[in-house]
There are 6 protein chains.
Amino acid sequence: MFRHSSELQFHAKPERPDALFAAKLQELVGGQFGEMTVMMQYLWQGWNCRVPGKYKDMIMDIGTEEIGHVEMLVTMMARLLEGAPSETQAEAAAANPALAAVLGGQNVQHAIVTGGAATPTNSQGVPWNAGYIVASGSLLTDFRSNVAAEAQSRLQTARVYGMTDDPGVKDMLQFNLARDTFHQQQWLLGIEQLIEDGLVDSGIEDSLSEEEKDFAARTFYSFHEGSTAGEGRWAQGATLVGEGEIAFEQGLPLADDVNQVPAPDPLLYSTYDGSLGTPEPGTAGGAYAQGGKNLLSKAKDALTPDE
Amino acid sequence: MFRHSSELQFHAKPERPDALFAAKLQELVGGQFGEMTVMMQYLWQGWNCRVPGKYKDMIMDIGTEEIGHVEMLVTMMARLLEGAPSETQAEAAAANPALAAVLGGQNVQHAIVTGGAATPTNSQGVPWNAGYIVASGSLLTDFRSNVAAEAQSRLQTARVYGMTDDPGVKDMLQFNLARDTFHQQQWLLGIEQLIEDGLVDSGIEDSLSEEEKDFAARTFYSFHEGSTAGEGRWAQGATLVGEGEIAFEQGLPLADDVNQVPAPDPLLYSTYDGSLGTPEPGTAGGAYAQGGKNLLSKAKDALTPDE
Amino acid sequence: MFRHSSELQFHAKPERPDALFAAKLQELVGGQFGEMTVMMQYLWQGWNCRVPGKYKDMIMDIGTEEIGHVEMLVTMMARLLEGAPSETQAEAAAANPALAAVLGGQNVQHAIVTGGAATPTNSQGVPWNAGYIVASGSLLTDFRSNVAAEAQSRLQTARVYGMTDDPGVKDMLQFNLARDTFHQQQWLLGIEQLIEDGLVDSGIEDSLSEEEKDFAARTFYSFHEGSTAGEGRWAQGATLVGEGEIAFEQGLPLADDVNQVPAPDPLLYSTYDGSLGTPEPGTAGGAYAQGGKNLLSKAKDALTPDE
Amino acid sequence: MFRHSSELQFHAKPERPDALFAAKLQELVGGQFGEMTVMMQYLWQGWNCRVPGKYKDMIMDIGTEEIGHVEMLVTMMARLLEGAPSETQAEAAAANPALAAVLGGQNVQHAIVTGGAATPTNSQGVPWNAGYIVASGSLLTDFRSNVAAEAQSRLQTARVYGMTDDPGVKDMLQFNLARDTFHQQQWLLGIEQLIEDGLVDSGIEDSLSEEEKDFAARTFYSFHEGSTAGEGRWAQGATLVGEGEIAFEQGLPLADDVNQVPAPDPLLYSTYDGSLGTPEPGTAGGAYAQGGKNLLSKAKDALTPDE
Amino acid sequence: MFRHSSELQFHAKPERPDALFAAKLQELVGGQFGEMTVMMQYLWQGWNCRVPGKYKDMIMDIGTEEIGHVEMLVTMMARLLEGAPSETQAEAAAANPALAAVLGGQNVQHAIVTGGAATPTNSQGVPWNAGYIVASGSLLTDFRSNVAAEAQSRLQTARVYGMTDDPGVKDMLQFNLARDTFHQQQWLLGIEQLIEDGLVDSGIEDSLSEEEKDFAARTFYSFHEGSTAGEGRWAQGATLVGEGEIAFEQGLPLADDVNQVPAPDPLLYSTYDGSLGTPEPGTAGGAYAQGGKNLLSKAKDALTPDE
Amino acid sequence: MFRHSSELQFHAKPERPDALFAAKLQELVGGQFGEMTVMMQYLWQGWNCRVPGKYKDMIMDIGTEEIGHVEMLVTMMARLLEGAPSETQAEAAAANPALAAVLGGQNVQHAIVTGGAATPTNSQGVPWNAGYIVASGSLLTDFRSNVAAEAQSRLQTARVYGMTDDPGVKDMLQFNLARDTFHQQQWLLGIEQLIEDGLVDSGIEDSLSEEEKDFAARTFYSFHEGSTAGEGRWAQGATLVGEGEIAFEQGLPLADDVNQVPAPDPLLYSTYDGSLGTPEPGTAGGAYAQGGKNLLSKAKDALTPDE
């Protein structure tokens, strides 16, 4: 359960309105790596965390903080949009060609849809969607996603920072930059903690490692004549998991399998010249129907003894 | 420029068709962390890489390999769908209730839309979209995203692996698991190489670090009574960048700023009771129009001397 | 700023797992009218509310409650998915055709993507997106949207209720049904309060009412021979705003304007037979370039006196 | 079945082209609350209406009118885009900086994609999608959605109205404003008619009302210290459905249920420390497989007698 | 303007309900090539058609017919869904394992969201969106899209036809198949008419043909060792437009240009090793700022004479 | 399997950066008919092609070429964005109002998200998605889609061509125009080859032609009083498939079927007045449950003999 207080976590007071900058700031609100993404990503990870105690508490703490970050940005946006021109285009532009330029760069949904406030979209007006987030149940892979999200979010904040000289906006962004630094650290330390607690073996996701093809886990394949990729650490030296050395090889087909797909079922009217044999409806469906038949006979067997 | 050969990188031969499993395998083709995602993500990162030589070559090599992985999976899918039932529902089910179950779990687009082949969608039929990928120009943040994508992709492959007992499918997935292991290593080693080459200072994105609010870069804020989050390494010990120790604190408002937004422009017809002052169209728009006016007078100044 | 506590607002304990029902319950989590929608809609409306005091507080209270409703549902989902089958399809189905049916109706992302937990999607796997929500700055129109969302949400809850006989699930849904009743009332009472406080004149959005074409605000047009639509209250009796009686008329063109669009700019290579005159690049662009020219000459005038 | 005539319902003749205004007008064409939304929403509601006679006829009449409103707006758009500049950017801007401003604010798809015509998208270029509409089968909830859609649509029309001073555009928008007023009335009167006809009990969706938790249907919960939400009518006075008074209470957990989710199936490789017991594949899947087994044994019983 | 009559264009009466088939039929309603697509595509093309008379009338006639086809399918869907099971899953399945199979294949939104009716989505539940359609202003390219859409639509109808044995459904689909045949013909004949009327030169879109690189308009490039693509008509014989013979060549780089991108602006914090020169903020922005400067000085010139 | 070389297929060197033009060029990269679409469309068609030899090889050759076209455009974009202004908005605009205009038309994601490079989106910022492509298994219908895609793509290229006067950009676009001409020819010749090889009968998709309603395959229906559509070739003369003449008729209901849908299941709480009979839960569900029952008894029969 959640509670709310009217105070913002950090102040969000621009010195003056700036509708053009507000249009850009949308990327940090509702973009792929905006605050809505980390808020929703951490809440979902926290709710679905299977490990009671410090891990679940930690994820929920940060998810809860991030709701407040969306709040800060949305508040900042409404203040940046104060008095943004909604007047008749022609009159305003006639009096002021520089204003015409401003009008051209403004996000018109800020006037038409929200009445002077942020929209839950990115800087291009694409609505935020849950396809941006991930909560996999594996804390290692989730934390890897989280480090990446914070790094990208911080990079974008730094780029946006250079696009304003409003001291109030910069002040808030300095806080956001710091939190993104802190959160990168935290998720990296979370991975260290997972290792220390014995919940994972290494920082590399390796479930079912006993099944994987060993040779392919330690070979760099190049598909590019004259590639210099072999000069990097990633193509030489010890592997990070398992044993042995990384090899650098030209990528060649590793098996004798040409990309030909089988003859189609005639009922699907796909184009076919008969060269792979003559499928008939009964035959084409047969392989599978056979599967169905097998299921049924197994089911009948299962019915006979008291299962 | 690209070239193609008919041979697959690794064989993709199921022992027998299995339309139900094909419906699940879609997640590894066109899902958020399917092969289409890593293919497109690496190609875009490679094309946009500003550093000639081993970095650009390496990213392009892997991007090129991933086109071939999409090819392998799509070929596998068409083979799994061979002879999938497209017959009349009622007849089939009348003869065979187990088949009815099969029919219920099949992806009908595999018959109706593609004629017995994979679709470029995830397991729920949602079309793949470019909002899944990232190519930021910063190799550090890109590599962070790539480690995360490979970890998640490998986890999902491991989960899917348990849903089939077809030796041919398992054989291919064992190759895929190994590549996902290798690629996790590689991107982590890529970060080590970036540090060794002096292109970044640490594994943490810290551009503009001189501007960030220091205190907020080393404090864990808790928003949860009784939170045990302070027990983790993330809330104590030395920070990973900069100096000092991480602190654990209750999250409190750090500034005196209530989430109130300003009076609206009357022309936007937002609900307002006048309690924040009486905005008038001229006044409300004033702050901004003033900005426009300033731009203009500066522009006029700029015109006078020969700029 | 927000805070969190570990306790749920209401219990979310199914008596037993049920993966098939979980697949359906997704509609109430991440569907167009699921809990994510009302949570995000109310938070955005609250953050953007221009009227300090009871309105803003009320909206924030309910938005905060709804975060907790998402939490309840997500927790319920993970419990419903406990032990959902992730085993090899063929083995399971061989032993048990009824299980095969279950497997067919299961949402495979619950296994592959989240590892036994809800996804932020609707029952068809479509990710939740911010295009579902609205926060317009006008409390009247927002409250209208909110009544509608709660009504639809409640209807869908009632329909889902009939699809389970698990007492624990039903218990939680009984709470949700009641909240949806309460919230419908509340938003309707919110409209009454807006009227009482003089912030709107009636329950009908009528900004700029002085400009609208009066006749069209009190006429029902029928486009259907033999339509009986005139029998309803909506086509007769007093209007709800303004004066006069509602009229029922056959829909006819109210103006002499045929849907012909003008000759295209030749540079756009649209198909055109010359019958609307001979546009030339200079001419076609002329009307608009004229607009541009006018802007410029007005700007020049503006530069001359000290504006 | 539908028929068409070349005349528009109302004239759509701008006095002069205006590509910048056209870019904004897209919001009223293909936005969340644009004419495409109400057109498709009413047609689907009408087609799916179960009640023959005045209700179905009325919904179909209005849906049919709305196809004509899309037609009016699309025609208006092509006329506003007449002669929009498609010339070389640099040449145009060199001759005319005001034109450069115009070019910056133009929607380039109007030239590149449609050749001087509207696109079926909103003002940000996001394609219209059917996730905006609702047709639930319940006329009460549909009419609630319709009132909301008309209110929002009217509000947005009023905001756009202030962005032009073209008398032809204003004339058409005055007609649209009036129809949105009329349609709000009509759907509200539709609810009155539903009550009068005894098809619903009140204006509140209350199916399954006998099952809901009574206490939660008449309590306002606050989650915010110092909230003044209790001052509004929504938190005091008689309830609108059922009996009793509305209560105002602090939101507290109403049940003893912490948001912990159960131990994961080991085959899903989710992170788990064993603290909730030791699940084994057989055990974890057991609860559900049991469900399957039960289904099967019941099915067997059903087979034995002649069901 | 449009009018409506209650009669369907063709009957849409299934002999009996079939919820499983209804789930599949969604692909023909709201899929990429469903009836909603052709309805919206033709209406937009018709509204935007610049050529008065037979072309515009023809497109509008067919667009109007297609609204009625959506109506037919939606009506069919509601009839197929009559009495679809909304009962408790467990009870139903206990009595009837075959029913469990049915329930697994049903589209749950048909019950939860629409109350027994079609949804405006495809067979996977993805909402229809306007990104499926095209209306380019060029009748040649539009007609090409229309032939393609009708061919694909007809193919999908043929595939769906094999999935039912309901005589009423088949009857309606036989009508739809025929219309798709007719409409393919019609758009092909439309292209013939465009040529006959002299509105295009050939069936190939060739605006600006005087500018294109001739050699590349008559060469097939192969990127595949051992490709047999040269055996087809597409790689030999006379070209269809212009003069000369088609050539078959191995694809080689046609220019000396390596895919290296330039040094980044330092303010964007992209990874860069300095090997492409040392950009400085002033310098990096210089090339473009220069462009801006040029614009301004040209503008000033434009102000001096009376432009 | 694929290989890559560093050289571009054709040079992509603008003479000077132009951030405004780059924003427009996005439509040709990631739009509905951009290079990503044809690349993905042809690769999927090639992978799924059932006919070994020249068809499959040809499609794969072109798909492989198109990967290189995306590469060319993405490289061009990064070069156009060199030195695009990322400086503080206010400073830049103060010195230079023409630059302000430039800033207004720039795509801010080019700075914030990619750090000076293309995005995988269209000109409006909408991410590319796989819903744009088609690969149906039928080469005839696929080739029809491909002709259409190339025509539309070429038209859009021609329109974009007029928006720049940069000789380097024009040079590359001249190559692209030519390839779009060539590819239109090629797919049309592909259809001729399919006919010549006897894989289809005509250029019209006519699977199941023996089932279609003949009369409807040769009749043009008009739904528009005074329509002149009958003057075109599409409404008169010989049909292209089958025998007979095309007829022109007024569209009338062809069957006696009113668009009324049946009484709803009471458990779905849809609005209903009882006028279509009194459905009860048991009865309403009966028709379908009956279907289930029938399945079961047929299944039992199937179990008894050894099927």
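From the backbone N, Cα and C atoms, a Cβ is placed for every residue, glycine too.
Keep in mind that this is a model prediction, so the values were computed, not measured.
The record from TrEMBL ties A:Glu35, A:His69, A:His183 to Mn(2+) 1, and of the options A:Glu150, A:Glu225, A:Glu231 it ties A:Glu150 to that site too. According to DSSP, A:Gly226 (Ca(2+) binding site) is assigned to coil rather than to any helix or strand. Contacting chain B by the Cβ rule (under 8 Å between Cβ atoms), the binding-site residues A:Glu35, A:Asp57, A:Asp61, A:His69, A:His183 reduce to A:Asp57, A:Asp61.
A gap of 12 Å separates the Cα atoms of A:His183 (Mn(2+) 1 binding site) and A:Asp61 (Ca(2+) binding site). If you count neighbouring Cβ atoms within 10 Å for each of the binding-site residues A:Glu35, A:Asp57, A:Glu150, the highest count belongs to A:Glu150. The Cα of A:Glu150 (Mn(2+) 1 binding site) lies closest to that of A:Glu66, out of the binding-site residues A:Asp57, A:Asp61, A:Glu66, A:Gly226.
If you compare Cα positions, A:Glu66 (Mn(2+) 2 binding site) sits closest to A:Glu35 out of the binding-site residues A:Glu35, A:Asp57, A:Gly226. Of all Cβ atoms in the shown protein chains, 8 besides its own fall within 10 Å of the Cβ of A:Gly226 (Ca(2+) binding site). Around the Cβ of A:His183 (Mn(2+) 1 binding site), the number of neighbouring Cβ atoms within 10 Å comes to 25.
For the binding-site residues A:Asp61, A:Glu66, A:His69, the greatest number of Cβ atoms within 10 Å around a candidate Cβ is found at A:Asp61.
A straight line from the CA of A:Glu35 (Mn(2+) 1 binding site) to the CA of A:Asp61 (Ca(2+) binding site) spans 15 Å.
Within 8 A of the CB centroid of the Mn(2+) 1 site residues A:Glu35, A:His69, A:Glu150, A:His183, the other residues of that chain are A:Val38, A:Met39, A:Ile62, A:Glu65, A:Glu66, A:Ala149, A:Ser153, A:Asn176, A:Arg179, A:Asp180.
Closeness to chain C is evaluated for the binding-site residues A:Glu35, A:Glu66, A:Glu150, A:His183, A:Gly226 by Cβ distance, with values under 8 Å counted; no residue is counted. Distance from the CA of A:His69 (Mn(2+) 1 binding site) to the CA of A:Asp57 (Ca(2+) binding site) is 19 Å. A:His69 (Mn(2+) 1 binding site) is 48 Å away from A:Gly226 (Ca(2+) binding site) when you measure Cα to Cα.
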